[in-house]
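**Q** One structure, as structure tokens, below. Some questions next.
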Amino acid sequence: MKANIMEIERFAIHDGPGIRSVVFLQGCPLRCPWCANPESQEIKPQLMYNEEKCVRCGTCVRNCPQHAIKIENFKLEFDRDACIHCKTCENNCPAGAINFIGDAVSIDDIVTEVLKDKPFYEESNGGVTISGGEPFVQYNALKALLNKFFEEDISVAVETTGDTHWKNIEDLIPYIDYFLFDLKFPTANRISLVTKGNGERILENLKKLASKAPEKITLRVPVIPNYNYDERTIRKIIDIGAELKVSQIHLLPYHTLGVSKYDQLGKEYDLKGSKMLSKEDLKDLVDYGNSKGIHTQAGG
């Protein structure tokens, strides 16, 4: 069996306790306007073009077997629908301006890579985090990975939007030590309207999970200007976490680290010009969360 992954990040310290390896799976049912990993949304290789590196030599144009690349007015244009992801352009680009993100990798190869750092997990009470995208989109691959890590006695965190069938979550609870559950809004309608996900299912799955394993849940709340960065909205999310008795809440300040990816993917970024937030901006909200008796912090 294989999983479609973007990368395996080693020595991560912000996606669960201790030192961790993060396996990023492709595929996500949501389309959040602020998504920092737009290359994760579809389960297929994503062509990334860095215009700043490009020397306009035309090598990719001449070598593309699909004739999916052309130069117009000294600017490269890609027919991404015609691209068959053969990577001929990437392999022949002398400037390294083109690369593809997303490969089908065997479960065994992923586990082998993760096991390289097992001593660090044991020393730091760390482990592996499976992120995305939405890991439950590739349910069979996720289940296979969890079984392997369970056999190796490696702690596992899964970052999820919660937008999946409840049975998928329920069946895997015994194999997951930490659920990093993303919650963007306190109401189903708002979740659905902004993210295009199934808001009712997300909130229902959160409630069901909290009824079975509240101690495993960390609510992760991306705080985004012009979307949910207001006291009323975030307080309501914190109130949900307190009512469900989740373990902790992480308020994640908006950042722009993923903006360049949109240009490289040939996509528009809807939040251009939005101001980054700092941890200090969220201090009053953090204080509110802690006053409700639930550990709350800014950042992951």
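Each residue, glycine too, has its Cβ placed from N, Cα and C.
TrEMBL labels come from automatic prediction, so no person has curated them.
Taken from TrEMBL, the feature domain 'Radical SAM core' applies to 14-295. Taken from TrEMBL, the feature domain '4Fe-4S ferredoxin-type' applies to 45-74, 75-103.
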**Q** Mean pLDDT for the domain 'Radical SAM core' (14-295), as a whole number?
**A** 97
**Q** Summarise the domain '4Fe-4S ferredoxin-type' (45-74) by DSSP state, stating how many residues are helix, strand and coil.
**A** 5 helix, 8 strand, 17 coil
**Q** For the domain '4Fe-4S ferredoxin-type' (75-103), jot down how many residues DSSP puts in helix, in strand and in coil.
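**A** So the domain '4Fe-4S ferredoxin-type' (75-103) is made up of 5 helix, 9 strand, 15 coil.
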